[in-house]
Amino acid sequence: VLSANDKTNVKGAWSKVGGNSGAYMGEALYRTFLSFPTTKTYFPNYDFSAGSAQIKTQGQKIADAVGLAVAHLDDMPTALSSLSDLHAHELKVDPVNFKFLCHNVLVTMAAHLGKDFTPEIHASMDKFLASVSTVLTSKYR
């Protein structure tokens, strides 16, 4: 459960990402593909090179989903319900892949936010991304 301080930290960190959210999430996805090659199986016929149009497009989708979660911190299950259905029933993404992506989101944010990505922000973002992952995998039964 996110504390009031966590929510403040998450909103603040996401606001610092700002207009770079699509690019940063594309970079996080690219890092995920490099670090965990099995994640590529969900993206047939993709150009996996850095900055490809497909990675940019998917990065923006991820950024939009994260932004939606940030905007609905008090009711993420409702806000992300359709995405949860999509990933569980249609795409059938292995839940471990959310952990891989979340790790790389943290790495990417740390790389770009530098000193603004404090240990406290890191901890709050980690809790937030774990909560998003839990919501996205909640319909896997």
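One is the number of the first residue shown, and numbering goes on along the chain from there.
Using the three backbone atoms N, Cα and C, a Cβ is placed for every residue, glycine included.
Here is what Swiss-Prot says about this protein:
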BINDING   GLN58  O2 binding site
BINDING   HIS87  heme b binding site
DOMAIN    1-141  domain 'Globin'
MOD_RES   SER3  phosphoserine
MOD_RES   LYS7  N6-succinyllysine
MOD_RES   THR8  phosphothreonine
MOD_RES   LYS11  N6-succinyllysine
MOD_RES   LYS16  N6-succinyllysine
MOD_RES   LYS16  N6-acetyllysine
MOD_RES   TYR24  phosphotyrosine
MOD_RES   LYS40  N6-succinyllysine
MOD_RES   SER49  phosphoserine
MOD_RES   SER124  phosphoserine
MOD_RES   THR134  phosphothreonine
MOD_RES   THR137  phosphothreonine
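Cα distances from the residue listed as 'phosphotyrosine' to the modified residues SER3, LYS7, SER124, THR137 are smallest for SER124. Model confidence over the domain 'Globin' (1-141) stands at 96, taken as the mean pLDDT rounded to a whole number.
In this structure the C-alpha atoms belonging to SER3 (phosphoserine) and THR134 (phosphothreonine) are separated by 17 Å. Around the Cβ of THR8 (phosphothreonine), 13 further Cβ atoms fall within 10 Å across all displayed protein chains. Residues in the domain 'Globin' (1-141) partition by DSSP class (helix H, G, I; strand E, B; coil) as 110 helix, 0 strand, 31 coil. Here LYS40 (N6-succinyllysine) is compared against the recorded positions LYS7, THR8, LYS16, GLN58, HIS87, and the shortest C-alpha distance is to GLN58.
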